[in-house]
Amino acid sequence: MAAATRGCRPWGSLLGLLGLVSAAGAAWDLTSLHCHFGAFCECDFQPDFQGLECDLAQHLAGQHLAKALVVKAVKAFVQDPAPSKPLVLSLHGWTGTGKSYVSSLLARYLFRGGLRSPHVHHFSPVIHFPHPSHMERYKKDLKSWVQGNLTACSRSLFLFDEMDKLAPGLMEVLRPFLGSSWVVFGTNYRRAIFIFISNTGGEQINQVALEAWRSRRDREEIRLQELERVVSQAVLDSPHHGFWRSGIMEEHLLDVLVPFLPLQRHHVRHCVLNELAQLGLEPRDEVVQAVLDSTTFFPEDEQLFSSNGCKTVASRIAFFL
């Protein structure tokens, strides 16, 4: 049964939402996050799809594809009583377009504790895997971490941020957990969700959006089929992506590739209004306009897309208040 709706959260700053990661991430203690409820370890898993759809509709600007793909994929997976493999989502797009926001909403509306749930695990290359020379130790630790936590509670969410900054090879230890084998190291892993986030493919997505605008196509007419192949190829061609020469791509273990389109001026305005609401302030035209005027747009001729999406909106508002 779905939990009661937990309401919609304005865009706001993601620093608080993503504050789960500890700077002491290297000193992992597998027992610290284990579920202590035995057979009842799904107690923290309380999906609220109404709240998720409400939040996405109100606060995720300009992402018709991401909204539809994420909700459809997660709903179908959660409602399947016996999935054959875990759900694997790969989020791609320009900076500030909402990738981290969507992943934080999934944690919030799937687990009672949100990003602070003991069954939500957020990994950052800079914090958890900073030294390429330690890759073999990272592989061993990551495999043990995933296996241990899935053994304790099969309903777990694993978020891997900034995949374009991750040393290649590390993700290979996850390959046995992402497929459709019935048993992996004695672990019940088929009910887990894995989310991989990166900017890789952002330039290709931007180009498709720009060409659509130039040909006077409505933005909402852009379909996944126009983006999926070029984004996948960008990942395969990038030696800086964590999936570089990876069996994860070759074996088609990604269930859904979710593209995030670049944000236009009216989308940034939407983010400014959301941030003002989050701060409990009434909309002020002079503040909204000042933020927009201080935002850099590209390409040089069209000045169409925000260079940083909505990423710097909060700090810019603080400057102009």
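The backbone N, Cα and C atoms fix where each Cβ goes, and this holds for glycine too.
Any TrEMBL annotation is an automated prediction that lacks curation.
In TrEMBL, the feature coiled coil is placed on 210-237, out of the ranges 98-125, 210-237. If you take every residue in the coiled coil (210-237) and average the pLDDT, you get 96. Least packed by the Cβ count within 10 Å, out of the binding-site residues Thr95, Thr97, Ser100, is Thr95. Long-range Cβ contacts of Trp94 (ATP binding site) within its own chain (separation 6+, distance under 8 Å): Asn199, Gly202, Glu203, Ile205, Asn206, Phe260, Pro262, Leu263, Phe305, Gly309. Fewest other C-beta atoms within 10 Å: among the binding-site residues Gly93, Gly96, Gly98, that description fits Gly96.
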